[in-house]
Amino acid sequence: MWLPTRMVLVTTMILGILITISSNQWFMLWIGLELNMFAFLPILGSSRNKKEVSTAPLYLSIQAVASGLIIVSASLSMTSMNSWCDIIFQSAVLMKAGGPPAFCWYPNMLNSLSWPLVWLLMTVQKISPVVILSIASKLNHLVIIMAASMALIGGIGGILQTQLRGLLAYSSLTHLGWLLALSSETPSLALCYFTVYVTITTAIISILLPKNLKSHPNTANLSPTHKMTISMLLLSLAGVPPLLGFLPKLQAIQGLVTHNSFIIIIILISGSLMNLYFYLNLLLSTSTSLSPSMHLNPMNYTLSLPIVIIACMSLILFLPLIATLM
């Protein structure tokens, strides 16, 4: 794609996100989501990879249905059926983020995309839905059911995956469950959780991108340094203490305990344990494989090193915050 055209699309995408997160009216919120969607579609359609181009109609269909549901929920809010408004609205926003009730498209689509587009779909395209959920979600039976189902589906689906992109997709579904549960309790902590998730995911993709790895066996091609870094990042993403990813989960559990939501805590932890299982499975296959001699690309590794250090840092930097939570 011509560089100025791509710059215009990226600018439009950022503009859509800013409109969404700063709006206090449903119409402007909807406009921001649509701008974001229509800026991402040409990026998919202009790819030289036929698989990526074929995902554009699927993405458009899902996003169009979700956008239609948002309009329906806004219409119902002005009628006597406004009790359905929140249910339809939250379902539509979750669909846009790759969650239930329609989530199967998300891992299938990620498996067909290149790593830069995977990063866009897993991070940038989730900003608007996550911010909306953190503002609009309230703890009720629907939120509990959706958060629990996402955690379990993400854990079970990830165990059955051999593709790295699919594994990250189902892992993302589990984290979306945590985000939904946390946003209904403390929206600011949900945004903190999402920031940590984006940081770690960006660090992982920044390492996998130069190698263009697709499945578990391909991780044998990583250098020992990259293997160690990937191991730390995946453990942090799973929430293993004392890595960075542990703190948001600790905050989420403490917030849910104050509301006596013990059942959803157990389900969320179960989903995370399943995530940890397939992370460890990936790490085991990586560490026991003989890697050929490879030459590091100093530029790529130097660029990714700062964000990797941030994602792997210990909880020492967060000790003052932890002290306030105890």
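Placed from the backbone N, Cα and C atoms, the Cβ positions cover glycine too.
TrEMBL annotations: computationally assigned, not manually curated.
TrEMBL annotations:
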TRANSMEM  7-23  transmembrane segment
TRANSMEM  29-46  transmembrane segment
TRANSMEM  58-76  transmembrane segment
DOMAIN    79-272  domain 'NADH:quinone oxidoreductase/Mrp antiporter transmembrane'
TRANSMEM  117-135  transmembrane segment
TRANSMEM  142-161  transmembrane segment
TRANSMEM  190-209  transmembrane segment
TRANSMEM  229-250  transmembrane segment
TRANSMEM  262-280  transmembrane segment
TRANSMEM  300-323  transmembrane segment
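Stretch with the most C-beta contacts under 8 angstroms to the transmembrane segment (58-76), considering only 29-46, 229-250, 262-280: 29-46. The stretches the transmembrane segment (262-280) and the transmembrane segment (142-161) are in mutual contact, each linked to the other by at least three Cβ pairs under 8 Å (pairs 6 or more apart in sequence). If one looks beyond the transmembrane segment (7-23) by at least 6 residues along the same chain, the residues whose Cβ comes under 8 Å of a Cβ in the stretch are 29, 31-40, 42-43, 124, 127-128, 131-132. Under the criterion of 3 or more C-beta pairs below 8 Å, with sequence separation of 6 or more, the transmembrane segment (190-209) and the transmembrane segment (229-250) qualify as touching.
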